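Asks: One structure, as structure tokens, below. Some questions next.
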Amino acid sequence: LGAVVRPHHLLLSLLLPGPRIPRLSALCAQPRPRAMAVSSSSWELPLVAVCQVTSTPDKQQNFKACAELVREAARLGACLAFLPEAFDFIARDPAETLRLSEPLGGNLLGEYAQLARECGLWLSLGGFHERGQDWEQTQKIYNCHVLLNSKGSVVTTYRKTHLCDVQVPGQGPMHESNSTMPGPSLTSPVSTPAGKVGLAICYDMRFPELSLALAQAGAEILTYPSAFGTVTGPAHWEVLLRARAIETQCYVVAAAQCGCHHEKRASYGHSMVVDPWGTVVARCSEGPGLCLARIDLSYLHQLRQHLPVFQHRRPDLYGNLGHSLS
């Protein structure tokens, strides 16, 4: 089941019981094949929240916007909330990006750790501008995906390995490597209250090798927090996310930036959750807000049993992409 929450109080009344759900919004799920029927009661399944925001160079204002959505997610019963890439800020140029960046032990991550403790849920912080240990030598940062547990502790981190250096006509050039270092490795999937989560960031979704490696290492949920462009978004966003879900037989969760960040940049939005069959089960639309979905791991494992594609792979022909994470 999935739902859309418009900012910030419209919710699908069928998703969650109780009088606090004010009125109907939109259901994005399609019927599953009969062979893939859900065996669990939907109300027993873990609920995840996907937050969509419009970050600006104002870090404190961005935190207030994200915190409001996280608190709403907790109020509605989510166990894990996903925030998009650059949830902390989107700067006007590389110099401002470097100036606003912080180490993981800085004030901003401390505020999010407190928020996780206050709300009692896990947080996927999808792309933090991190001054790493090599900051003094490189004067460059990392695009770092941070996973916090409900006690506010850092469970794992992933530093974006594929940097977005592209020139798309009509969208403006992107040169992420001007300010950012590529991460050195992938991160093994981590057990969360919703399932085993494999971490990636935005442009990573264009590289199926990464998603296959995470799936072969045990991922049940792949997450692609993003700040997708307004030209590539309508053409590629949903197609890529659904493809990653189908080929890995994982849930795919993609929290996205939306709207105009400043005079130089805008993002597509349309945050979504895709199930392992490739169905979009929850989706945000244009503006800030959140959407909700339940994660049915019994359905995932049933699907993998019916379509055992990983048993049919031929590593003798093209290698075993998951060996480095096993």
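Here the Cβ of each residue, glycine as well, is placed from N, Cα and C on the backbone.
The domain 'CN hydrolase' annotation in TrEMBL covers 45-297. Per TrEMBL, region 'Disordered' is recorded for 169-189. Positions annotated as compositional bias 'Polar residues' by TrEMBL: 176-189.
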Asks: Which value does the mean pLDDT take for the domain 'CN hydrolase' (45-297) in this predicted structure?
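Replies: Reported value for the domain 'CN hydrolase' (45-297) is a mean pLDDT of 96.
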Asks: Treating G and I as helix alongside H, and B as strand alongside E, what does DSSP give for the compositional bias 'Polar residues' (176-189) in helix, strand and coil?
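Replies: The compositional bias 'Polar residues' (176-189) comes out at 3 helix, 2 strand, 9 coil.
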